[in-house]
Amino acid sequence: MAGYVVVGTQWGDEGKGKIIDVLSEKADYVVRFQGGNNAGHTVVVNGEKFILQLLPSGVLQAGTCVIGPGVVVDPKVFLDEIDRIEKRGAKTDHVIISDRAHVIMPYHIEMDKIRESVEDRIKIGTTKKGIGPCYADKIARDGIRMSDLLDLKQFEEKLRANLKEKNEIFTKIYGLEPLDFDKIFEEYKGYIEKIKHRIVDTIPIVNKALDENKLVLFEGAQAMMLDINYGTYPYVTSSSPTLGGVTTGAGVSPRKINKGIGVMKAYTTRVGEGPFVTEIKGEFGDKIKGIGGEYGAVTGRPRRCGWLDLVVGRYATEINGLTDIVITKIDVLSGLGKLKICTAYEIDGKVYDYVPADTKSLDKAIPIYEELDGWDEDITQIKKYEDLPVNCRKYLERVQEILACPISVVSVGPDRSQNIHIREI
């Protein structure tokens, strides 16, 4: 069997979509195992840019694309995305949805907006797309699953009960107008007609493929440092975008996972609130942002930029049991002069070579850097590792040494062809 997992090692936006698109050329199945439409994945094919939110990044390839049990699905977003890529010539008949996946409802989106607007609450920086409230209902056992949509009577009963409870909150606590049951029910009946043929039990399908030694690529959204358990809590997402999240989010045994592929940007970025030890503020940080085009694929929000944090990198490598590292956007570092990588933190006079749990401690952390010589050459057309500038290779080799994990691919540009394959994944 061949189960490959691709995870982000930082705070997202590492370029997972591009790498998954490349790897999915030989994959029989590509499986999303967590998250929802709260993150954008950019895939560039022959200079043409595709921005995906909910669909697996491998949708542009021939392999079956699975939206797994651990994903939360907004049917409207799903159908809009299907329609958008079909209009550009892509086929989507190979996309299926787990009958165990939970459904994002209008009251989830409304609740998300309310929670982020309350003055006394910590501002997490949510995308306000209902992801967190949908996962909250899932854990509270109030959620509506895709399987419920296949039984209209059951869906009606669950929606009516949920909406009664949510409207109590909207009207009596927040003084808002109640949501209309009939409007929502009719809207979702329309969605059901368009997606019901895609709703299946994906667990036996994925496991059968693994048992038949087919290549199954598991795709995480967000990244390690946004994990609900291991990220910079509470500035995290509501699911587990780690290798361990595959077992619960896709329904496969950890024994069926052969490779853990960590995607790491050559510097570090973060969107929204939360601690960021290596953040570069001011003109130089803005320069990296401009060169790297560091703006959200979906929201357009500017990303905070900083030096490569290998305390975070080691943490991600260890927890995910990574077998391969993919370095992206190293071309952005060309011409920046001296480069820095963070190898430890100093907090209240104590040196940490790991990520502490306490967010307030991270806010006080001082990065301990190693400084390396940079390079000025344009590397975007280089195809062989040995053709990279000497200082670029030294940078990569030092990263590999600190992580104690081999770098297998180096991305030198946004197009799927702009990759240097050091060793086969």
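Any Cβ shown, glycine's included, is placed from N, Cα and C.
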Which of these, GLN154, GLN222, does Swiss-Prot say binds IMP at the same site as ASP13, GLU14, GLY15, LYS16, ASN38, ALA39, GLY40, HIS41, THR127, ARG141, THR237, ARG301?
GLN222
Out of ASN38, HIS41, THR127, ARG303, the recorded positions in the record, which is closest to LYS18 (GTP binding site) when you go by Cα distance?
HIS41
Would you kindly give the Cα-Cα distance separating GLY15 (GTP binding site) and ASN38 (IMP binding site), rounded to the nearest Å?
16
Least buried by Cβ count (within 10 Å) of the binding-site residues GLN222, THR299:
THR299
According to DSSP, which of helix, strand or coil covers ASN38 (IMP binding site)?
coil
Sparsest Cβ surroundings (other CB atoms within 10 Å) among the recorded positions LYS18, HIS41, ARG301, ARG303:
ARG301
Residues ASP13, GLU14, GLY15, LYS16, ASN38, ALA39, GLY40, HIS41, THR127, ARG141, GLN222, THR237, ARG301 binding IMP per the record - widest CA separation, whole Å:
34
Measuring Cα to Cα, how far is ASP13 (active site, proton acceptor) from ARG303 (substrate binding site) in Å?
9
